[in-house]
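As annotated by TrEMBL, domain 'Biopterin-dependent aromatic amino acid hydroxylase family profile' applies to 32-368. Annotation comment: TrEMBL describes HIS211, HIS216, GLU256 as Fe cation binding site.
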Amino acid sequence: MRGESVFDIAIDFYGDMRDDRISAVLQEVKGNSANVLVLDQKLVPWFPLHVSELDAIATRTLDAGAELKSDHPGFHDATYRQRRQMIASLANQHKHGSLPPLLEYTEEEIATWRTVYDNLEPMTNKFACRQYLDIVAEMRSEGVVTRDRIPQQRDVSAFLEEKTGFTVRPVAGLLSSRDFLNGLAFRTFFSTQYMRHHSLPLYTPEPDLCHEIIGHAPMFADPDFADFSQAIGLASLGASEEDVKRLATCYWFSVEFGLCREEGEVKAYGAGLLSSFGELEYACSPTRPAGGKLEAPAIEAWDPWVAAHRSYPITEYQPTYFCAESLQEAKERMRDFCEQGLKRPFHARFHELSQSVWVDRNVARSPP
(Lines of atoms letter the chains of each structure in order from A and count residues from 1; the text may use other names and numbers.)
(Lines give C-alpha, C1' and ligand atoms only; values in the text may rest on other atoms or scores of the structure.)
Protein backbone atom coordinates (compact mmCIF):
# COMPACT_ATOMS: atom_id res chain seq x y z
CA MET A 1 0.00 0.00 0.00
CA ARG A 2 1.26 3.48 -0.90
CA GLY A 3 -0.54 6.47 0.61
CA GLU A 4 -4.04 6.26 2.00
CA SER A 5 -5.92 4.99 -1.06
CA VAL A 6 -3.38 3.81 -3.64
CA PHE A 7 -2.32 0.16 -3.75
CA ASP A 8 0.15 -2.07 -5.56
CA ILE A 9 -1.71 -5.26 -6.46
CA ALA A 10 -0.46 -8.61 -7.76
CA ILE A 11 -3.22 -10.72 -9.31
CA ASP A 12 -3.25 -14.45 -10.00
CA PHE A 13 -6.52 -15.86 -11.31
CA TYR A 14 -8.12 -18.44 -13.58
CA GLY A 15 -9.26 -16.94 -16.84
CA ASP A 16 -8.37 -15.78 -20.32
CA MET A 17 -6.79 -12.34 -20.64
CA ARG A 18 -8.45 -12.01 -24.05
CA ASP A 19 -11.90 -12.12 -22.45
CA ASP A 20 -13.48 -8.63 -22.64
CA ARG A 21 -15.08 -9.03 -19.22
CA ILE A 22 -11.75 -9.80 -17.59
CA SER A 23 -10.12 -6.86 -19.35
CA ALA A 24 -12.84 -4.56 -18.05
CA VAL A 25 -12.36 -5.74 -14.47
CA LEU A 26 -8.59 -5.25 -14.71
CA GLN A 27 -9.02 -1.74 -16.08
CA GLU A 28 -11.28 -0.87 -13.16
CA VAL A 29 -8.74 -2.23 -10.67
CA LYS A 30 -5.92 -0.32 -12.37
CA GLY A 31 -7.88 2.90 -12.01
CA ASN A 32 -7.57 2.68 -8.23
CA SER A 33 -4.03 1.33 -8.00
CA ALA A 34 -0.55 2.64 -8.57
CA ASN A 35 0.50 -0.61 -10.18
CA VAL A 36 -1.30 -3.82 -11.14
CA LEU A 37 0.82 -6.86 -11.93
CA VAL A 38 -0.95 -9.84 -13.49
CA LEU A 39 1.12 -12.90 -12.68
CA ASP A 40 2.18 -15.10 -15.57
CA GLN A 41 0.37 -18.38 -16.11
CA LYS A 42 2.64 -21.31 -15.22
CA LEU A 43 3.07 -24.02 -17.85
CA VAL A 44 3.50 -27.45 -16.22
CA PRO A 45 3.40 -31.07 -17.40
CA TRP A 46 -0.15 -32.32 -17.94
CA PHE A 47 -1.92 -33.81 -14.92
CA PRO A 48 -5.51 -34.88 -14.20
CA LEU A 49 -7.78 -32.43 -12.40
CA HIS A 50 -10.67 -34.88 -11.91
CA VAL A 51 -10.62 -38.60 -11.22
CA SER A 52 -12.36 -39.24 -14.57
CA GLU A 53 -9.29 -37.86 -16.35
CA LEU A 54 -7.36 -40.93 -15.22
CA ASP A 55 -8.97 -42.51 -18.29
CA ALA A 56 -6.44 -40.52 -20.34
CA ILE A 57 -3.43 -42.23 -18.75
CA ALA A 58 -4.70 -45.68 -17.72
CA THR A 59 -3.81 -47.34 -21.04
CA ARG A 60 -0.35 -45.79 -21.44
CA THR A 61 1.44 -48.92 -20.27
CA LEU A 62 5.13 -49.50 -20.82
CA ASP A 63 6.24 -52.31 -23.17
CA ALA A 64 2.68 -52.53 -24.58
CA GLY A 65 1.30 -53.90 -21.33
CA ALA A 66 0.71 -57.53 -22.21
CA GLU A 67 3.87 -58.04 -24.28
CA LEU A 68 6.35 -60.42 -22.62
CA LYS A 69 10.12 -60.25 -22.86
CA SER A 70 12.06 -63.29 -24.01
CA ASP A 71 13.30 -64.07 -20.48
CA HIS A 72 9.77 -64.10 -19.02
CA PRO A 73 8.73 -67.55 -17.67
CA GLY A 74 5.61 -67.46 -19.87
CA PHE A 75 7.26 -66.24 -23.07
CA HIS A 76 7.07 -69.62 -24.84
CA ASP A 77 3.61 -70.52 -23.49
CA ALA A 78 1.10 -69.54 -26.18
CA THR A 79 -1.89 -70.22 -23.92
CA TYR A 80 -0.51 -68.00 -21.18
CA ARG A 81 0.29 -65.21 -23.63
CA GLN A 82 -3.24 -65.35 -25.03
CA ARG A 83 -4.67 -65.22 -21.52
CA ARG A 84 -2.56 -62.17 -20.70
CA GLN A 85 -3.75 -60.43 -23.86
CA MET A 86 -7.39 -61.06 -22.95
CA ILE A 87 -6.98 -59.68 -19.42
CA ALA A 88 -5.06 -56.68 -20.75
CA SER A 89 -7.83 -55.96 -23.24
CA LEU A 90 -10.43 -55.90 -20.46
CA ALA A 91 -8.28 -53.51 -18.44
CA ASN A 92 -7.83 -51.18 -21.40
CA GLN A 93 -11.60 -51.02 -21.94
CA HIS A 94 -12.26 -49.95 -18.36
CA LYS A 95 -13.60 -46.42 -17.84
CA HIS A 96 -14.17 -44.27 -14.79
CA GLY A 97 -17.49 -45.03 -13.13
CA SER A 98 -17.58 -48.71 -14.07
CA LEU A 99 -16.67 -51.64 -11.84
CA PRO A 100 -13.49 -53.65 -12.44
CA PRO A 101 -14.26 -56.65 -14.66
CA LEU A 102 -15.05 -60.00 -13.07
CA LEU A 103 -12.58 -62.67 -14.11
CA GLU A 104 -13.10 -66.42 -14.05
CA TYR A 105 -9.70 -67.69 -13.00
CA THR A 106 -8.52 -71.10 -14.16
CA GLU A 107 -7.68 -74.02 -11.88
CA GLU A 108 -4.03 -73.55 -12.83
CA GLU A 109 -4.15 -69.90 -11.74
CA ILE A 110 -5.92 -70.79 -8.49
CA ALA A 111 -3.27 -73.44 -7.75
CA THR A 112 -0.56 -70.81 -8.26
CA TRP A 113 -2.42 -68.45 -5.91
CA ARG A 114 -2.58 -71.17 -3.23
CA THR A 115 1.15 -71.83 -3.51
CA VAL A 116 1.98 -68.14 -3.08
CA TYR A 117 -0.57 -67.78 -0.26
CA ASP A 118 0.75 -70.79 1.65
CA ASN A 119 4.37 -69.66 1.39
CA LEU A 120 3.72 -66.06 2.36
CA GLU A 121 1.29 -66.53 5.24
CA PRO A 122 3.78 -67.82 7.85
CA MET A 123 6.29 -65.13 6.89
CA THR A 124 3.84 -62.23 7.00
CA ASN A 125 2.52 -63.49 10.34
CA LYS A 126 6.06 -63.23 11.66
CA PHE A 127 7.42 -60.10 9.98
CA ALA A 128 4.53 -57.91 8.77
CA CYS A 129 3.52 -54.78 10.66
CA ARG A 130 0.53 -54.87 12.99
CA GLN A 131 -1.66 -52.76 10.69
CA TYR A 132 -1.16 -55.19 7.82
CA LEU A 133 -1.99 -58.24 9.93
CA ASP A 134 -5.12 -56.63 11.40
CA ILE A 135 -6.42 -55.63 7.97
CA VAL A 136 -5.67 -59.01 6.38
CA ALA A 137 -7.53 -60.71 9.23
CA GLU A 138 -10.54 -58.51 8.53
CA MET A 139 -10.34 -59.17 4.78
CA ARG A 140 -10.34 -62.89 5.49
CA SER A 141 -13.25 -62.70 7.93
CA GLU A 142 -15.30 -60.83 5.31
CA GLY A 143 -14.36 -63.30 2.58
CA VAL A 144 -12.54 -60.70 0.49
CA VAL A 145 -9.29 -62.70 0.58
CA THR A 146 -9.26 -66.49 0.92
CA ARG A 147 -6.78 -69.27 0.23
CA ASP A 148 -8.96 -71.21 -2.21
CA ARG A 149 -10.35 -68.39 -4.34
CA ILE A 150 -8.51 -65.61 -6.13
CA PRO A 151 -9.99 -62.31 -4.93
CA GLN A 152 -11.94 -60.25 -7.43
CA GLN A 153 -10.56 -56.77 -7.88
CA ARG A 154 -13.98 -55.15 -7.45
CA ASP A 155 -14.41 -56.81 -4.03
CA VAL A 156 -10.99 -55.61 -2.88
CA SER A 157 -11.76 -52.12 -4.18
CA ALA A 158 -15.10 -51.98 -2.34
CA PHE A 159 -13.41 -53.04 0.91
CA LEU A 160 -10.74 -50.35 0.62
CA GLU A 161 -13.17 -47.63 -0.40
CA GLU A 162 -15.24 -48.22 2.72
CA LYS A 163 -12.13 -47.96 4.91
CA THR A 164 -10.17 -45.03 3.47
CA GLY A 165 -11.74 -43.96 0.17
CA PHE A 166 -9.06 -45.72 -1.88
CA THR A 167 -10.21 -47.64 -4.96
CA VAL A 168 -8.49 -50.15 -7.23
CA ARG A 169 -8.49 -49.59 -10.98
CA PRO A 170 -7.47 -52.30 -13.49
CA VAL A 171 -4.42 -51.68 -15.66
CA ALA A 172 -2.82 -53.84 -18.34
CA GLY A 173 0.74 -53.50 -17.06
CA LEU A 174 3.34 -51.07 -15.78
CA LEU A 175 2.68 -47.35 -16.11
CA SER A 176 5.27 -44.61 -16.07
CA SER A 177 6.13 -43.28 -12.63
CA ARG A 178 4.30 -40.02 -13.35
CA ASP A 179 1.08 -41.70 -14.49
CA PHE A 180 1.05 -44.22 -11.65
CA LEU A 181 1.71 -41.60 -8.96
CA ASN A 182 -0.90 -39.27 -10.46
CA GLY A 183 -3.47 -41.98 -9.74
CA LEU A 184 -2.55 -42.02 -6.06
CA ALA A 185 -3.46 -38.32 -5.85
CA PHE A 186 -7.08 -39.40 -6.40
CA ARG A 187 -6.80 -42.33 -3.99
CA THR A 188 -6.73 -44.64 -6.99
CA PHE A 189 -4.38 -47.61 -7.11
CA PHE A 190 -3.64 -48.95 -10.60
CA SER A 191 -3.52 -52.74 -10.27
CA THR A 192 -2.94 -55.65 -12.63
CA GLN A 193 -5.32 -58.64 -12.70
CA TYR A 194 -3.14 -61.30 -14.32
CA MET A 195 -1.39 -64.17 -12.55
CA ARG A 196 2.32 -64.98 -12.75
CA HIS A 197 3.29 -68.04 -14.80
CA HIS A 198 2.56 -71.35 -13.07
CA SER A 199 6.02 -72.78 -13.81
CA LEU A 200 7.59 -70.39 -11.26
CA PRO A 201 4.89 -69.65 -8.69
CA LEU A 202 7.31 -68.06 -6.23
CA TYR A 203 8.85 -65.67 -8.77
CA THR A 204 7.55 -62.90 -10.99
CA PRO A 205 9.59 -60.39 -13.02
CA GLU A 206 6.72 -57.88 -12.88
CA PRO A 207 3.85 -56.91 -10.57
CA ASP A 208 1.02 -59.46 -10.78
CA LEU A 209 -2.22 -59.91 -8.83
CA CYS A 210 -0.40 -61.72 -5.99
CA HIS A 211 1.89 -58.73 -5.51
CA GLU A 212 -1.02 -56.29 -5.82
CA ILE A 213 -3.54 -58.06 -3.57
CA ILE A 214 -1.29 -59.66 -0.95
CA GLY A 215 1.37 -56.95 -0.92
CA HIS A 216 -0.31 -53.62 -1.68
CA ALA A 217 -4.04 -53.78 -1.12
CA PRO A 218 -4.28 -54.37 2.65
CA MET A 219 -2.14 -51.36 3.53
CA PHE A 220 -4.40 -48.99 1.57
CA ALA A 221 -7.06 -49.72 4.22
CA ASP A 222 -4.86 -48.09 6.88
CA PRO A 223 -5.58 -44.33 7.21
CA ASP A 224 -1.96 -43.28 7.80
CA PHE A 225 -0.68 -45.34 4.88
CA ALA A 226 -3.49 -44.12 2.62
CA ASP A 227 -2.69 -40.49 3.46
CA PHE A 228 1.03 -41.17 3.00
CA SER A 229 0.44 -42.62 -0.48
CA GLN A 230 -1.88 -39.80 -1.53
CA ALA A 231 0.67 -37.20 -0.40
CA ILE A 232 3.18 -38.66 -2.85
CA GLY A 233 0.52 -38.65 -5.55
CA LEU A 234 -0.52 -35.03 -4.99
CA ALA A 235 3.11 -33.94 -5.05
CA SER A 236 3.56 -35.63 -8.45
CA LEU A 237 0.85 -33.57 -10.18
CA GLY A 238 2.50 -31.18 -12.62
CA ALA A 239 5.92 -31.89 -11.12
CA SER A 240 9.15 -31.75 -13.11
CA GLU A 241 10.75 -34.95 -14.38
CA GLU A 242 13.45 -34.55 -11.75
CA ASP A 243 10.94 -34.28 -8.92
CA VAL A 244 8.86 -37.18 -10.25
CA LYS A 245 12.00 -39.32 -10.18
CA ARG A 246 12.68 -38.27 -6.59
CA LEU A 247 9.09 -39.04 -5.57
CA ALA A 248 9.19 -42.41 -7.33
CA THR A 249 12.39 -43.26 -5.47
CA CYS A 250 10.77 -42.33 -2.15
CA TYR A 251 7.83 -44.55 -3.17
CA TRP A 252 10.24 -47.42 -3.83
CA PHE A 253 11.88 -47.16 -0.41
CA SER A 254 8.56 -46.82 1.42
CA VAL A 255 5.41 -48.14 -0.26
CA GLU A 256 7.38 -50.95 -1.90
CA PHE A 257 10.18 -51.71 0.59
CA GLY A 258 9.41 -49.71 3.72
CA LEU A 259 10.05 -50.92 7.27
CA CYS A 260 8.79 -49.64 10.62
CA ARG A 261 9.55 -50.43 14.24
CA GLU A 262 7.20 -52.20 16.64
CA GLU A 263 8.29 -52.80 20.23
CA GLY A 264 11.94 -52.74 19.19
CA GLU A 265 11.51 -55.12 16.25
CA VAL A 266 11.71 -54.35 12.54
CA LYS A 267 8.47 -55.01 10.66
CA ALA A 268 7.52 -54.60 7.00
CA TYR A 269 4.83 -52.40 5.51
CA GLY A 270 6.17 -52.28 1.92
CA ALA A 271 4.44 -54.42 -0.71
CA GLY A 272 7.65 -55.62 -2.32
CA LEU A 273 8.55 -57.24 0.99
CA LEU A 274 5.07 -58.43 1.96
CA SER A 275 4.72 -60.32 -1.33
CA SER A 276 8.22 -61.90 -1.26
CA PHE A 277 8.75 -64.46 1.50
CA GLY A 278 12.50 -64.60 0.86
CA GLU A 279 13.18 -60.87 0.94
CA LEU A 280 10.72 -60.38 3.80
CA GLU A 281 12.80 -62.68 6.00
CA TYR A 282 16.06 -61.18 4.70
CA ALA A 283 14.96 -57.63 5.59
CA CYS A 284 13.33 -58.31 8.96
CA SER A 285 14.93 -61.33 10.60
CA PRO A 286 17.44 -60.49 13.36
CA THR A 287 19.26 -63.79 12.77
CA ARG A 288 21.28 -65.14 9.82
CA PRO A 289 21.03 -66.80 7.41
CA ALA A 290 17.80 -65.17 6.33
CA GLY A 291 16.11 -65.23 2.96
CA GLY A 292 18.81 -67.56 1.75
CA LYS A 293 21.61 -65.09 2.48
CA LEU A 294 24.26 -64.92 5.19
CA GLU A 295 24.85 -61.17 5.03
CA ALA A 296 22.48 -58.65 6.61
CA PRO A 297 21.15 -55.52 4.86
CA ALA A 298 21.79 -51.98 6.06
CA ILE A 299 18.81 -50.36 7.80
CA GLU A 300 18.66 -46.56 7.94
CA ALA A 301 16.18 -44.20 9.58
CA TRP A 302 13.42 -43.09 7.20
CA ASP A 303 14.46 -39.80 5.65
CA PRO A 304 12.85 -38.82 2.32
CA TRP A 305 15.56 -36.20 1.68
CA VAL A 306 18.14 -39.00 1.71
CA ALA A 307 16.01 -41.73 0.13
CA ALA A 308 15.05 -39.52 -2.83
CA HIS A 309 18.65 -39.58 -4.10
CA ARG A 310 19.51 -43.21 -3.32
CA SER A 311 20.00 -45.70 -6.15
CA TYR A 312 18.59 -49.22 -5.88
CA PRO A 313 18.63 -52.60 -7.67
CA ILE A 314 15.42 -53.97 -9.21
CA THR A 315 16.16 -57.67 -9.76
CA GLU A 316 17.81 -58.55 -6.44
CA TYR A 317 17.35 -58.00 -2.72
CA GLN A 318 17.80 -54.43 -1.58
CA PRO A 319 21.15 -53.73 0.12
CA THR A 320 19.55 -50.92 2.16
CA TYR A 321 16.11 -50.39 3.70
CA PHE A 322 14.64 -47.31 5.35
CA CYS A 323 12.86 -47.82 8.66
CA ALA A 324 10.34 -45.39 10.20
CA GLU A 325 9.47 -45.29 13.87
CA SER A 326 5.79 -45.63 12.90
CA LEU A 327 3.52 -45.25 9.88
CA GLN A 328 2.42 -41.90 11.24
CA GLU A 329 6.02 -40.70 11.35
CA ALA A 330 6.59 -42.00 7.83
CA LYS A 331 3.56 -40.01 6.65
CA GLU A 332 4.56 -36.80 8.42
CA ARG A 333 8.13 -36.87 7.11
CA MET A 334 6.90 -37.56 3.58
CA ARG A 335 4.46 -34.66 3.76
CA ASP A 336 7.24 -32.36 4.95
CA PHE A 337 9.38 -33.44 2.01
CA CYS A 338 6.53 -32.90 -0.47
CA GLU A 339 5.88 -29.40 0.88
CA GLN A 340 9.48 -28.26 1.32
CA GLY A 341 11.70 -30.42 -0.85
CA LEU A 342 10.16 -29.95 -4.31
CA LYS A 343 10.32 -27.05 -6.77
CA ARG A 344 6.77 -27.09 -8.13
CA PRO A 345 5.25 -23.58 -8.61
CA PHE A 346 1.92 -24.47 -7.01
CA HIS A 347 0.31 -26.61 -4.32
CA ALA A 348 -2.51 -29.08 -4.92
CA ARG A 349 -5.32 -30.23 -2.64
CA PHE A 350 -7.78 -33.08 -3.15
CA HIS A 351 -11.49 -32.38 -2.73
CA GLU A 352 -13.03 -35.69 -1.70
CA LEU A 353 -16.67 -34.82 -2.40
CA SER A 354 -16.08 -33.74 -6.00
CA GLN A 355 -13.16 -36.17 -6.57
CA SER A 356 -11.19 -33.30 -8.03
CA VAL A 357 -7.95 -31.45 -7.38
CA TRP A 358 -7.71 -27.74 -6.55
CA VAL A 359 -4.49 -25.84 -7.24
CA ASP A 360 -3.51 -22.48 -5.75
CA ARG A 361 -2.01 -20.94 -8.92
CA ASN A 362 -3.21 -20.31 -12.45
CA VAL A 363 -1.41 -23.10 -14.28
CA ALA A 364 -1.59 -24.27 -17.87
CA ARG A 365 -1.30 -27.99 -18.45
CA SER A 366 0.82 -28.98 -21.42
CA PRO A 367 -0.84 -31.49 -23.81
CA PRO A 368 -0.93 -35.05 -22.39
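One-based numbering along the chain as shown.
Note: Cβ is positioned from N, Cα and C throughout, glycine not excepted.
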Worksheet item: So which other residues, same chain and not among HIS211, HIS216, GLU256, have a Cβ within 8 Å of the centroid of the Cβ atoms at the Fe cation site?
Response: PRO207, GLU212, GLY215, VAL255, GLY270, ALA271, GLY272, LEU274, SER275
Item to complete: Please work out the number of neighbouring Cβ atoms within 10 Å of the Cβ of GLU256 (Fe cation binding site), leaving out its own Cβ.
Response: 20
